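Quick look at what Swiss-Prot lists:
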TOPO_DOM  1-28  topological domain 'Cytoplasmic'
TOPO_DOM  50-63  topological domain 'Periplasmic'
TOPO_DOM  85-96  topological domain 'Cytoplasmic'
TOPO_DOM  141-167  topological domain 'Cytoplasmic'
TOPO_DOM  189-194  topological domain 'Periplasmic'
TOPO_DOM  216-249  topological domain 'Cytoplasmic'
TOPO_DOM  271-295  topological domain 'Periplasmic'
TOPO_DOM  317-325  topological domain 'Cytoplasmic'
TOPO_DOM  347-354  topological domain 'Periplasmic'
TOPO_DOM  376-390  topological domain 'Cytoplasmic'
TOPO_DOM  412-418  topological domain 'Periplasmic'
TOPO_DOM  440-447  topological domain 'Cytoplasmic'
TRANSMEM  29-49  transmembrane segment
TRANSMEM  64-84  transmembrane segment
TRANSMEM  97-117  transmembrane segment
TRANSMEM  120-140  transmembrane segment
TRANSMEM  168-188  transmembrane segment
TRANSMEM  195-215  transmembrane segment
TRANSMEM  250-270  transmembrane segment
TRANSMEM  296-316  transmembrane segment
TRANSMEM  326-346  transmembrane segment
TRANSMEM  355-375  transmembrane segment
TRANSMEM  391-411  transmembrane segment
TRANSMEM  419-439  transmembrane segment
């Protein structure tokens, strides 16, 4: 039997047994499931869960309670990053990568089987929260594994491009989630969606999980990781090494990620609530909604996925030429400006202005998200890379994404869209501080 060929690029080795198609599919499918889960949960939290799992005295309290369960996932993600990062760094990327997908997928499917508050009372809410924690632990190991499989199998000079493969799962997940919701609503109607049909998207994720498992089980470990296994291992746990020896890239990397997380959840959670809510006025005199139908908003969000996909792919091509840091600096400046212009897009209240808000916002998300799968792993050595990239990415999510929509809702009620925009801009400034002090990694050899 022929051994898999290896090509040498300096000190880095590429294993040609894992083809470009294998790497792209294995990494993209997992991220697609992650974002499919996040999208369907965010939509269900806005449209359904405030009625089915939370009994509140007013609509705003119900929405905040439902959105708070989004935060549970981000609280659990660092635990998943520690757990899966440890096994991924010590024993192998492949099996860890498979286990994180299984935990994430099972937790999502179980949500589709849960009884509601009317059936078992507070236990329905507790079970929903436990499923979100399970999703979070699985997701905590998922992205880091996908990023490492892509980057560690990339030839020299193409790590940025290979790193966009897992990131392209985001627009795929968005399209699938919104398409499923639109299709179910069109077939069964909004009342059925609220009562029982919301379960279908969660149950259907089993198809994506099966595809992901099939592809991932055929992968082999990258030579750069196999070489690291043969070296003496540090006595400290990978997590402890990350937060001590590599604290600077860990901390600065978190700051870099925060603006993108806040923007993402303002786009898919806050803007969804604002667009679909009735055009009422808060006690402070600010508009609380635009009155768009769920179908119109979902269609516009699906159209904006084109912008997300294009900018992710474009980032992969350009960051291998101009560098990750330069690209991210200009992108984050764009996010800061976008935050200040938020009222210009949403106060108008027209379909056209809402479309451009979503299209430009998703484009900026893609520009910032695309480079992360190469940039964050490049900050850490091979023996601590899974833990380092996963912890950095997921703790940033804890501080950025978990509270974004929860903070934005009362900000809008008390200070209007200007307050929400300033909140986004301040987070962009935090990310710019991180980018100012962090090092470029484009030409760094993985070791």
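Here the Cβ of each residue, glycine as well, is placed from N, Cα and C on the backbone.
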Among 64-84, 120-140, 296-316, 326-346, 419-439, which stretch has the most Cβ pairs under 8 Å to the transmembrane segment (355-375)?
296-316
Helix-strand-coil residue split for the topological domain 'Cytoplasmic' (440-447), DSSP-based:
0 helix, 0 strand, 8 coil
Kindly say whether the transmembrane segment (250-270) and the transmembrane segment (97-117) touch, using the definition of 3 or more Cβ pairs under 8 Å where each pair is 6 or more positions apart.
no
Against the transmembrane segment (64-84), which of these stretches has the most C-beta pairs under 8 Å: 29-49, 97-117, 168-188, 296-316, 391-411?
391-411
Under a criterion of three or more Cβ pairs within a distance under 8 Å and sequence separation of at least 6, are the transmembrane segment (195-215) and the transmembrane segment (296-316) in contact?
no
Can the transmembrane segment (168-188) be said to touch the transmembrane segment (391-411) if we require at least 3 CB pairs below 8 Å and skip pairs under 6 apart in sequence?
no
Between 0 and 100, where does the mean pLDDT of the topological domain 'Periplasmic' (271-295) sit?
89
